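**Student:** Please read through the structure below; I'll follow up with questions.
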Amino acid sequence: MSESQKKVIVGMSGGVDSSVSAYLLLQQGYKVEGLFMKNWEEDDGEEYCTAAADLADAQAVCDKLGIELHTVNFAAEYWDNVFELFLEEYKAGRTPNPDILCNKEIKFKAFLEFAAEDLGADYIATGHYVRRADVDGKSQLLRGLDGNKDQSYFLYTLSHEQIAQSLFPVGELEKPQVRKIAEELDLITAKKKDSTGICFIGERKFRDFLGRYLPAQPGKILTVDGEEIGTHQGLMYHTLGQRKGLGIGGTKEGSEDPWYVVDKDVENNILIVAQGHDHPRLMSVGLIAQQLHWVNREPLQGTLRCTVKTRYRQTDIPCTVTALDEDRIEVRFDEPVAAVTPGQSAVFYLGEVCLGGGIIEQRLPLQS
């Protein structure tokens, strides 16, 4: 079958990246249709407006490009497979990454299945800044060409089979080029700002949002020396390395340096803080990760020299990875790293290739 007969369903979010993705695929000769996913049942007016506006933008783009737009409601799947897990992690004092879960459970599972089974798609496409390469009959996940926008960190749970069914047209471009194409086509999304915030929950204030689902659990804020200097409303509102929102100033006789969260004592509901962003207590020499996903589906044997990111947009850290068993690895950094956060993902790279990753179960502190 030539590309001209192959059918691609593009996940249309109402943003510029998916809009341009649809256009590029049409240019490449595919039969293109769009799909707008509704993944959250709104419970307030503001959020409803955002979702409605995004759908209207997606529809306007599809009309302009002359393609059909389907809609689907994955709110139940999102609640069961993303949101409940997200809350569980927060309750346990960890800091999960919902975008990674959402890509795993919704965009490259529910959407992929729906597109193939209900819409007869050969491929799905998204506006992610990643690339794929096919080597020896297996698809690899590569970083996006635009280093500032590369989103491979969020897609490490994909298997080579899922990548083989996915196209990422804007991954070959830099963001300014994408905006330029949208402007030349006079697409309504050309100047729309990039969405931030939790995938599908949008820009609302995170603390207020979390407070609806998890009761406040006030506790003490202690310094690394054990001095009590304040109270927190719940460990879930704080992440390692955070300095905003602690509500504490300098101590009477101490320095005026800002305070940073350096640890959470989940058992005793205590938030531990120190002054200075590079306090030794905040540094880790490595980590243990679990719930591993390797893109090539082959568990790690022995050790591996590669680089790792412990959060999005971090500079790659050279490291040595050692398999502890089939589902746990130990990672040792060449140099200590600040704010390695349990619940977040550690994602591994060999050059341009994203190998996979896992959830940080614990950090290996420089000093405890």
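Backbone N, Cα and C atoms are what each Cβ position is placed from, and that goes for glycine too.
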**Student:** According to Swiss-Prot, Gly11, Met12, Ser13, Gly14, Gly15, Val16, Asp17, Ser18, Gly127 bind ATP; which one of Met37, Met236 is annotated to that same site?
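**Tutor:** Within the candidate list, Swiss-Prot flags Met37.
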**Student:** According to DSSP, does Ser13 (ATP binding site) sit in a helix, a strand, or coil?
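**Tutor:** The three-state answer is coil.
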**Student:** Taking Cα-Cα distance, which of the recorded positions Cys102, His128, Gln344 are within 10 Å of Gly15 (ATP binding site)?
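**Tutor:** Candidates kept after distance check: none.
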**Student:** Any same-chain residues 6+ apart from Ser13 (ATP binding site) with CB under 8 Å of its CB? Would you list them in sequence order, or say none?
**Tutor:** Phe36, Met37, Asp54, Ala58, Gly127, Ser195
**Student:** List the Cα distance (Å, whole number) between Gln344 (site 'Interaction with tRNA') and Cys102 (disulfide bond).
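**Tutor:** The separation of the Cα atoms works out to 14 Å.
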